[in-house]
């Protein structure tokens, strides 16, 4: 009896100690987030540093301190979890990317962006996958199956162009910024869709039927995810336009916007689709329709709230990656043969660079053939920057690697540990080394462009630095000056983007915005200053 009571007391004390330790860890982590923001602000004008590298460096230093104080047992405040990353941290970042994108630039370069983001990612995945099959089979790193090799290709095909986006100025180099930004988001979505498709198939015995099913599954995930995001965005616009919550409570309409944006991501995960694509296109649709249906105070609130949430999540991720890079549990499996991990990391870096070059320059050449205007063509110097922007690997690669090679954040197999440590090495090296050289490289290649640090409160596609929505949001209806009404099939073939844009504007004005709202179709309620100012906008017929 006494023994059982003593055991119960000890169990309760252990639980209390564990809860207290969790509270201490969260306190330290929040303090580190504050420190990253302050130090990043102080280093804003630094030639080499940016906020991402600052957060990563603080995470590394904190990991070293924790490692020393714990006697070499741990370097983490929190255990890295792909669920934490994909369910809680990534959605605000990707939604902010779609919500804040300058749609005119994005859709004007839509074909080139899709070439780089979708086709280019497939090319990079193919080269990395075939490269690791060839080299890793000759190295003694353990038993990896064909599915593991293809998953490695998807893991390292996922880019993280945050460092480049934080120093590019979209007003000085709109084409370059649009391509790097758009490709980054589509690349992440394509990599995750590809990774999920690989995991859902048994690739040990491949044949033509399996290959066709794999391609069909990939296309289905891509299209279904996009349509789901558009559908949820339109539903949110219709509900807010019809019920017009703002006449009673601006809090309700903003809360509905935020919750439906997150609902799109959760629904995609529920139906085994790509949450990244879904929430990205949901953000685009919400910024085009829903954002114009809310009150002025809700617009200001949503603009800054989504930006702040994205920025904090991005900083959280880089801090976490920095501390997790020194995880002693993973490194102890390779400490007897550290040379193997270094060789694997070097091979992966070389394949990443080769895979990137294999599509950036050829696809840029094809894109230039389709454009007659010199302003729309991608110069060789811009191609180098686009290639450089995609060499950095970040949190998406880390999350996919943990998903493939660990169980609940832990690994017990030597080959899996090698892949985790190699991923950490590639992420750290590419982010720090390539990231530090980004500003000088852009200054050298584009001396006339304005290179600036990202304003605080914004982040990229992964961390987007697009200024939010301008004075009034950049919308689909903003047509290029001088574009006349297309009169023949020849116009569609010679200027496909402008022609499609013209007919989309006609369809949008005639059918979509009268139903779902948008600029010029905002409900008018007398007595509201926001509605009076909105009512002054010309009604589009």
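Cβ coordinates come from backbone N, Cα and C, glycine included.
The domain 'Cation/H+ exchanger transmembrane' annotation in TrEMBL covers 38-442.
Long-range contacts of the transmembrane segment (20-43) within its own chain (CB-CB distance under 8 A, at least 6 residues past either end) are made by residues 49-51, 54-55, 58-59, 62, 77-78, 312, 315-316, 318-319, 456. Marked as transmembrane segment by TrEMBL: 20-43 (among others).
The transmembrane segment annotation in TrEMBL covers 55-72 (among others).
The transmembrane segment annotation in TrEMBL covers 84-101 (among others).
Same-chain neighbours of the transmembrane segment (113-137): 106, 144, 146, 149-150, 152-154, 156-157, 178-179, 182-187, 189-191, 194, 222, 344, 347-348, 351-352, 354-356, 358-360, 363, 366-367, 386, counting only residues six or more beyond its ends whose CB sits under 8 Å from a CB of the stretch. Look at TrEMBL and you will find 113-137 (among others) tagged as transmembrane segment.
Per TrEMBL, the feature transmembrane segment maps to 218-240 (among others).
Annotation comment: TrEMBL describes 274-292 (among others) as transmembrane segment. Distant neighbours of the transmembrane segment (274-292): 86, 90-91, 94-101, 103, 106, 185, 188-189, 192-193, 196, 221-222, 225-226, 228-230, 232-234, 236-237, 240-241, 257, 260-262, 264-268, 299, 302, 469, 473, 475-476, 512-513, 516-519, 521-522; these residues of the same chain sit at least 6 beyond its ends, with a Cβ under 8 Å from one of its Cβ atoms.
What TrEMBL lists as transmembrane segment is 342-363 (among others).
Beyond the transmembrane segment (384-405), the same-chain residues lying 6 or more positions past its ends with a Cβ under 8 Å from any Cβ of the stretch are 80-82, 85-86, 89-90, 116, 148, 151-152, 154-156, 158-165, 176, 179-180, 183-184, 187-188, 191-192, 195, 199, 317-318, 320-321, 324, 352-353, 356-357, 360-361, 364, 378, 411, 413, 416-417, 419-420, 423-424, 426-427, 430-431, 434-435, 438, 441-442, 445-446, 462. TrEMBL lists 384-405 (among others) with the feature transmembrane segment.
Listed as Cβ neighbours of the transmembrane segment (417-437) (distance under 8 Å, sequence separation of 6 or more from its ends, same chain) are residues 48-50, 52-53, 56-57, 60, 141-142, 148, 152, 155-156, 160, 163, 321, 324-325, 330-331, 333-334, 340-342, 344-345, 348-349, 352, 388, 391-394, 397-398, 401-402, 404-406, 411. Annotated transmembrane segment per TrEMBL: 417-437 (among others), in sequence order.
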If we skip the immediate neighbours and take only residues 6+ beyond the ends of the transmembrane segment (55-72), which ones have a Cβ under 8 Å from one of its Cβ atoms? 28, 32, 35-36, 39-40, 315, 318-326, 328, 428, 431-432
For the transmembrane segment (218-240), find every same-chain residue at least 6 residues outside the stretch whose CB is under 8 Å from a CB in it, and list them. 118, 189-190, 193-194, 196-197, 253, 256-257, 260-261, 263-264, 267-268, 271-286, 289-290, 293-294, 515-518
